[in-house]
Amino acid sequence: MSPQTETKASVGFKAGVKDYKLTYHTPDYQTKDTDILAAFRVTPQPGVPPEEAGAAVAAESSTGTWTTVWTDGLTSLDRYKGRCYHIEPVAGEENQFIAYVAYPLDLFEEGSVTNMFTSIVGNVFGFKALRALRLEDLRIPTSYSKTFQGPPHGIQVERDKLNKYGRPLLGCTIKPKLGLSAKNYGRAVYECLRGGLDFTKDDENVNSQPFMRWRDRFVFCAEAIYKAQAETGEIKGHYLNATAGTCEEMIKRAVFARELGVPIVMHDYLTGGFTANTSLAHYCRDNGLLLHIHRAMHAVIDRQKNHGIHFRVLAKALRMSGGDHIHAGTVVGKLEGEREITLGFVDLLRDDYIEKDRSRGIYFTQDWVSLPGVLPVASGGIHVWHMPALTEIFGDDSVLQFGGGTLGHPWGNAPGAVANRVALEACVQARNEGRDLAREGNEIIREAAKWSPELAAACEVWKEIKFEFPAMDTL
């Protein structure tokens with residue numbers, strides 16, 4: 001060992017392992033407006049104090065490692081380290097705590113959701129001192145959110161492009177999701193759009209398979225859109241799924257969609273990845289395409305109550321990365337979604353400023369400044385009897401998407417679309433007249449069905465269909 005090395009190693013450096021809480025648990029810390037704040041649900045291993053567990057999360061997701069290293073002396077840890085500044089027990093849960101961690105903004109690359117998640121959740125979830133760990137919420141400071149483009153267009157620009165105001169938009173996922181030829185697929189799209197829907201949709205796993213290559217699907221769907229527009233006088237769209245095995249192929253598909261003149265493309269943002277999603281969002285902004293986002297794989301990450309990442313965090317990340325629509329559960333359909341939690345992250349998607357509200361799972365006040373909003377999409381196991389509840393829960397700025405609830409109509413796809421459009425228009429009119437959709441919803445649908453045989457047939461088919469299971473993720 002050289003004398004120079006000995007001198008550096010001996011000044012202020014003591015090798016060995018020390019408790020994380022000595023450095024990273026700082027209960028007196030006053031958070032800054034520029035800090036990224038995180039709320040983690042921490043379940044420590046037996047014998048691990050909550051302060052040590054919270055400090056370990058702060059350390060391992062910022063500057064720390066398992067032992068003291070001499071290169072700590074070459075930088076300012078006080079400037080760059082994450083800090084666990086508050087810990088509170090979770091009411092009604094044994095050995096679970098909410099650990100609040102503050103991260104200095106300089107730890108993160110500007111405009112990169114990928115880098116943000118790599119730091120905050122990239123490594124710490126496998127930490128042995130923790131039995132389980134869940135990221136419940138993030139506070140994104142305005143100084144960081146302003147480094148993101150966000151949604152390609154946002155809610156108001158989309159309404160202006162479509163010339164549709166004062167009601168939710170209606171969609172339909174084409175079924176069967178796999179196996180149709182491109183021509184038959186386009187036929188189903190046309191029938192749904194001419195029946196009164198605003199959009200139809202590729203399912204999340206429709207990419208470019210042997211039974212239907214992407215280019216053929218794009219062409220037949222574009223033909224269906226133009227034919228339906230000519231017949232109805234309304235602007236129509238189909239979410240053409242541009243998700244692909246490489247970013248280059250994804251952009252190539254988006255370019256072809258733009259050349260066809262269609263209004264919207266689609267991406268599976270979790271399986272495709274945030275880097276790919278942000279790239280596609282930038283392309284869509286530059287080329288006038290709307291971007292629909294599917295959240296395929298989300299339940300792998302967010303469904304367990306004590307481990308993973310809550311969807312409200314994934315929703316915030318999507319708003320930063322970019323998307324004009326995102327699937328957000330239904331509350332009333334076949335997929336997971338507790339009402340207050342769902343409404344909490346719906347507000348985080350749409351609104352500019354959202355106050356802290358623990359009753360809805362919102363741990364921090366979030367100010368998005370001028371970042372455009374995202375339309376929540378209600379999809380999964382919904383039908384005409386759900387229309388009053390969906391209209392009341394989600395309001396006008398939403399997309400209500402009926403797959404089986406359109407294509408399962410006994411008279412075919414177009415009558416299924418008519419039934420949904422009539423039900424929606426009836427609910428919107430009743431709401432505008434001051435009627436209570438939650439209390440009078442079934443009566444409103446029955447009244448509309450008297451003059452719409454398509455709606456009457458749909459009401460008869462789905463009158464007994466319910467998906468009543470308790471939500472796994474509750475407050």
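All positions are counted from 1 along the displayed chain.
Glycine is no exception: its Cβ is also placed from the backbone N, Cα and C atoms.
Under the heading active site, proton acceptor, Swiss-Prot lists LYS175 (among others). In the three-state DSSP classification, LYS175 (active site, proton acceptor) falls within coil.
The annotation active site, proton acceptor is assigned in Swiss-Prot to HIS294 (among others) on the grounds of sequence analysis. When secondary structure is read from DSSP and collapsed to three states, HIS294 (active site, proton acceptor) falls in the strand class. Taking the Cβ of HIS294 (active site, proton acceptor) as reference, residues of its chain lying under 8 Å away and at least six apart in sequence are, in sequence order, GLU204, ASN241, MET266, HIS267, ASP268, TYR269, ILE326, HIS327.
Marked as substrate binding site by Swiss-Prot on the basis of sequence analysis: ASN123, THR173, LYS177, ARG295, HIS327, SER379. Annotation note: SER379 (substrate binding site) sits in a strand segment as assigned by DSSP.
Residues or ranges marked as Mg(2+) binding site in Swiss-Prot (evidence: sequence analysis): LYS201, ASP203, GLU204. According to DSSP, GLU204 (Mg(2+) binding site) sits in a coil region rather than a helix or strand.
Annotation source Swiss-Prot lists N-acetylproline at PRO3.
The N6,N6,N6-trimethyllysine feature in Swiss-Prot is assigned to LYS14.
For LYS201 (Mg(2+) binding site), the same-chain residues 6+ apart in sequence whose C-beta sits under 8 angstroms from its C-beta are GLY171, CYS172, THR173, ILE174, HIS238, TYR239, MET266, HIS292, GLN401, GLY403. Annotated N6-carboxylysine per Swiss-Prot: LYS201, in sequence order.
According to Swiss-Prot, the site 'Transition state stabilizer' annotation covers LYS334.
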At the Cα level, what's the spacing in Å between ASN123 (substrate binding site) and LYS175 (active site, proton acceptor), rounded?
39
Sorted by position, what residues of the same chain at least six away from ARG295 (substrate binding site) have a C-beta under 8 A from it?
ASP268, TYR269, LEU270, PHE311, LEU314, LEU318, ILE326, HIS327
Around the Cβ of ASN123 (substrate binding site), the count of other Cβ atoms that are within 10 Å:
12
Could you say whether, by DSSP, HIS327 (substrate binding site) belongs to a helix, a strand or a coil region?
strand
Number of Cβ atoms other than its own within 10 Å, given for LYS175 (active site, proton acceptor):
16
Hey, of the binding-site residues listed (LYS177, HIS327), which one tops the CB count within 10 A?
HIS327
Residue among the binding-site residues ASP203, GLU204 whose Cβ has the most other Cβ atoms within 10 Å:
GLU204
Report, in whole Å, the straight Cα-to-Cα distance of LYS175 (active site, proton acceptor) from ASP203 (Mg(2+) binding site).
8
